[in-house]
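Scroll down for the structure; my scribbles are underneath it.
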Amino acid sequence: MRFSAIYKNTLSEKTRKILNYGDIIVFFIILVFKLITYGKEISPEYFDSSVITPIIASVLIIFSFSFLFKGKKRTAYLLIIDLIISLILISDIAYFRYNKDIITVSAVQTAKLLVGVKSSVADVLSIKDFMFLLDIIILVPTFIYVKSINKNTIKLKFRLVLFLAVFIFGAALDAQQFHKVNVEQPTLLTAMSNRIYLTKMIGNLNFHVVDAYNFTSTKVKNSKKLPEARKNAINNYLKNNNSIPGVKFKSEGSGKNLIMIQVEALQGFVVNKSINGKEITPNLNKWINKSLYFDNYFYQVAQGNTSDAEFMSLNSLYPAQSGAAYYTYAGNTFNSIPKDLGDKGYYTAALHGYNEGFWNRNVMYKSEKFDDFYGQTSYKNDEVVGMGLSDESFLNQSLAKMKTFKQPYFSFLITLSSHYPFNDTAGYEKYTMNKLDVGEYKDTLLGNYFEGIHYTDEQLGKFLDKLDKEGLTKNSIIVLYGDHFAIPKENINQLYSFEGIKDPTDLTWYEYQKVPMFIHFPDDEHKGVNHTYSGQMDIYPTIANLYNISNNYMFGEDILNVKDGDSTNVTFRNGSFTDGKIFYVSWTNTYYDIATGKKIKETPELNKKKEAATTELEYSDDLLNHNLIKTFLK
Ligand code: GP9
Ligand code: MN
């Protein structure tokens with residue numbers, strides 16, 4: 001006691017002033033250290049010095065507020081903040097261990113969906129995680145020490161200046177980081193496709209702030225009660241949409257397995273196309289000839305990309321207006337294909353050899369009622385091509401799993417290797433037995449895509465042939481389709497020049513947004529080409545008829561039992577639509593005659609169709625925003 005008193009008296013005024021802030025300084029250092037440790041723990045693959053800036057920025061903001069308090073209040077502020085952050089980090093680490101992803105508010109909300117029956121919170125936690133609480137050992141004595149020398153001499157004015165300076169500095173650093181993310185991946189902050197990467201870019205604390213903001217803003221936006229009349233209108237509209245049961249193909253799949261394969265970036269124009277005398281997709285071409293092939297089938301994805309393709313195909317609901325439905329609506333009730341086939345006694349499984357948390361699949365697949373999700377951790381990562389586990393290994397391992405599934409089953413497989421920017425040409429070449437010579441297109445985006453999709457085609461061919469050999473094609477219906485474009489709009493001229501297109505219009509662009517879709521029936525039955533204009537919204541209604549499922553909550557139409565003429569109504573998220581004869585392009589408010597390729601004037605009838613397309617999108621939005629399937633099912 002005496003010693004410390006003497007020691008304190010010997011401190012110069014300046015040192016004493018600095019030591020007055022000792023608690024805040026120690027708090028700052030510890031927090032940054034903890035956040036860096038956490039970052040390293042969850043994503044060593046992304047871990048480099050660039051993670052430090054966003055961490056410092058967010059800590060500076062939190063830390064700036066401590067200048068507003070003094071004495072006991074400051075100690076309380078620092079302790080509470082430290083505790084909250086420690087608990088967040090512990091939950092994050094524990095969640096990561098099980099889900100290989102960052103925890104979100106909606107994941108917490110649907111917590112009961114997340115932890116498998118077998119694992120409890122205790123299983124997921126490890127003693128090591130509580131290290132994040134150990135800093136208390138340093139913090140508490142520091143607080144006591146600072147309190148003992150703190151004479152509360154610092155004036156409020158000065159503290160206010162300090163607060164503002166630190167806050168503004170932190171906010172500016174943060175803004176710079178957010179700007180960087182927005183330029184690099186404009187939809188990442190709203191759609192949250194890759195949360196681990198986002199966390200690296202903006203830091204853990206910012207991630208949780210953005211997530212909480214997204215969650216609350218959706219909640220606030222949707223808090224207004226939907227009038228009963230509106231609910232009834234939507235309910236009636238949907239009932240009407242599927243009121244006439246299909247006659248053709250009815251129940252052809254009943255009792256049979258359903259194998260659905262969503263192929264990464266498989267675009268329509270590569271089908272039956274050759275380069276330097278060699279087919280780009282010889283295997284798909286072969287299977288198309290054995291199947292019912294839909295050659296006017298569009299992808300309809302929005303910001304949710306791959307996840308939107310899944311969402312539409314499995315639910316026949318439109319993608320979210322912004323962001324990804326797989327993230328925003330993961331807590332909703334769905335009447336999905338796995339749910340309805342599950343009710344019929346099917347075993348249902350989703351298979352994808354990539355990070356389980358990507359596109360929030362780990363959460364969403366539970367809501368869609370898949371019995372099981374086999375993600376990255378269910379596969380041996382023995383061969384990497386492109387973004388991750390190679391399609392070859394993924395499909396081989398998936399087949400081995402499928403052979404153990406109780407029949408009848410629904411297997412939903414999502415491939416990966418042919419992912420943009422297709423630059424793992426070394427990988428494609430190494431693992432392709434029948435190499436493709438892309439000639440002058442070598443090392444261009446288009447050439448790389450040809451190599452990538454050629455590789456994937458080969459793996460799909462091997463997989464389908466094996467299904468055949470195993471006799472599985474005899475008692476299964478196979479549906480295969482592309483998820484979305486491969487060649488983005490900004491590179492579309494490469495594609496146009498390859499195709500020899502001279503004066504492309506917006507209609508031309510849309511005509512190139514078709515993706516292959518085929519349904520293979522046992523014994524190659526019903527093979528042929530179906531030219532119906534249709535899209536991803538229409539898969540489920542088609543399957544519903546094939547499997548005798550009655551689902552009143554689908555916006556799409558059964559392609560094999562179209563009501564009027566030769567098209568379903570294909571509506572895109574941006575309001576563009578086609579009825580197979582005309583094409584409306586929303587961003588220029590222009591109608592095209594598909595047969596002539598010429599622009600046409602709006603007629604009252606066309607205007608009505610345009611309104612109808614918008615209404616349908618609004619209905620779908622209301623249905624998702626107010627979780628109406630849950631209400632309707634009651
Ligand atoms: C990864 C994959 C890619 O799991 O499905 O999604 P994308 O980037 O194509 O939307
Ligand atoms: Mn994709």
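Including glycine, each Cβ sits where the backbone N, Cα and C put it.
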Candidate sharing the Mn(2+) site with E264, D483, H484 (per TrEMBL), from T218, T306, T444: T306
Where E264 (Mn(2+) binding site) sits in the secondary structure, as DSSP reduces it to three classes: coil
Separation of alpha carbons, E264 (Mn(2+) binding site) and H419 (substrate binding site) (Å): 6
D483 (Mn(2+) binding site) CB neighbourhood, other CB atoms within 10 A: 25
Other CB atoms within 10 A, centred on H484 (Mn(2+) binding site): 23
Cβ contacts the transmembrane segment (76-96)/the transmembrane segment (21-39), at least three under 8 Å, sequence gap 6 or more: yes
Cβ contacts under 8 Å made by the transmembrane segment (158-175) with residues that lie 6+ beyond its boundaries: 53-54, 56-61, 63-65, 67-68, 70, 202, 206
For the transmembrane segment (21-39), distant same-chain residues with Cβ under 8 A (at least six beyond the ends): 47, 51-52, 55-56, 58-60, 62-63, 66-67, 74-75, 78, 81-82, 85-86, 89, 92-93, 132, 135, 138-139, 142-143, 145-146, 199-200, 203-205
